[in-house]
Amino acid sequence: MDLFQEKLRQYKERIQEDISERVNFIRSYVENACAKGVVVGISGGIDSSVTAALCLKALGKERVLGIWMPAYSNPVHEKDANALAEAIDLNLVKIDVGPAFDAILPEIEKIEPLNDLQKGNTKARLRMTSLYAIAGQKGYLVADTCNYSEIYVGYMTKGGDGLADFNPVASLTKHQIRMVAKELGIPESIISKPPSADLWVGQTDEQEMGFTYEDLDRYLLTGEGKPEVIEKIEHLHRISEHKRTLMPGI
Ligand SMILES: Nc1ncnc2c1ncn2[C@@H]1O[C@H](COP(=O)(O)OP(=O)(O)OC[C@H]2O[C@@H]([n+]3cccc(C(=O)O)c3)[C@H](O)[C@@H]2O)[C@@H](O)[C@H]1O
Ligand SMILES: Nc1ncnc2c1ncn2[C@@H]1O[C@H](COP(=O)(O)OP(=O)(O)OP(=O)(O)O)[C@@H](O)[C@H]1O
Ligand SMILES: [Mg+2]
């Protein structure tokens, strides 16, 4: 028997209970923080879709705000962000962070030019800046959308999508996120789309990481995998430890 498939089957058996636990977590965290609601960056991808759908279940439509923040993004993602809003009845606002990026880039590049990754990380941090401005204005918390697979290998921008106030999907692998997405009525176009940070044209997670989510999640759920793949995963895990801990100080 394939142990990975068996682990996913076992998760499927308790998926409703798991969703309820996540919904309760959101509700009690937001209440204990005396926050009025939550704000979520909506990318048209699956992680933010699932996060927003869980927040809606926990808090209701009037206390969840989704923000679509393009910065010269692929238009397919805007279509999916709108399809999501329609499907789960989410209040969605567009904030174009492209002009802010255009304004700050030449200032930063007075020192030296940025490569595609550094430009993409800057866009991710402009999104974080916008979400915190809105959270401050409305008395909301910022919801994080990073899943367990990404967190394990540090596949997020430090101070960008890696910075928020609470995370209702932190323990779910990408495969489990897909299963939850089906339960929550997320549009199929979002579930089946190749995961992408959309930090530059043509970027996909699997190409950049150098292994597939199947490899990564199999390893995370069962410990199985080719030695060279496991070494790559563990290498990324080691060098990204600083993204999962509070900054050191003395
Ligand atoms: N040991 C250490 N202790 C403390 N801090 C350390 C450090 N090593 C680096 N740093 C700091 O961390 C910085 C590097 O981290 P960071 O700026 O995040 O940059 P980096 O890890 O190089 O890039 C972010 C990665 O996440 C991916 N990403 C980003 C956003 C969204 C998604 C997605 O899935 O949607 C994926 C992106 O494609 C890229 O592969 C360094 O410039 C340095 O300031
Ligand atoms: N254009 C965008 N507008 C708003 N938020 C964004 C945008 N791009 C990225 N984000 C935020 O950054 C997070 C990280 O992106 P990531 O690609 O890991 O997740 P995703 O797009 O939801 O899922 P997928 O892995 O399917 O691409 C998103 O979940 C979202 O909260
Ligand atoms: Mg994405």
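Along the chain as shown, residues are numbered 1 onward.
Glycine residues also receive a Cβ, built from the backbone N, Cα and C atoms like all the rest.
Per TrEMBL, the features are:
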DOMAIN    19-246  domain 'NAD/GMP synthase'
BINDING   Gly41, Ile42, Ser43, Gly44, Gly45, Ile46, Asp47, Ser48, Thr145, Lys174, Ser196  ATP binding site
BINDING   Asp47, Glu150  Mg(2+) binding site
BINDING   Arg125, Lys158, Asp165, His242, Lys243  deamido-NAD(+) binding site
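Sequence features annotated in TrEMBL and their locations in the structure.
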residue	record	contacts (Cβ under 8 Å, 6+ apart)
Gly41	ATP binding site	Ser48, Gly66, Ile67, Met69, Arg127, Leu131, Thr145, Asp161
Ser43	ATP binding site	Trp68, His77, Ala81, Asp198
Gly45	ATP binding site	His77, Asp80, Ile190, Lys193, Pro195, Ser196, Asp198
Arg125	deamido-NAD(+) binding site	Thr157, Gly159, Gly160
Glu150	Mg(2+) binding site	Asp47, Met156, Lys174, Asp205
Lys158	deamido-NAD(+) binding site	Asn121, His242, Lys243
Asp165	deamido-NAD(+) binding site	Ala33, Ala135, Leu141, Val142, Ala143, Asp144
Quick check on the binding-site residues His242, Lys243: which one has the highest count of other Cβ atoms within 10 Å of its Cβ?
Lys243
Can you count the other CB atoms that lie within 10 A of the CB of Asp47 (ATP binding site)?
23
Over all shown protein chains, what is the count of other CB atoms within 10 A of the CB belonging to Ser196 (ATP binding site)?
21
List, in residue order, those binding-site residues out of Gly45, Arg125, Thr145, Lys158, Asp165, Ser196 with a Cβ under 6 Å from any atom belonging to ligand 3.
Gly45, Ser196
Kindly state the mean pLDDT of the domain 'NAD/GMP synthase' (19-246) in the predicted structure.
97
In three-state terms from DSSP, label Gly45 (ATP binding site) for me.
coil
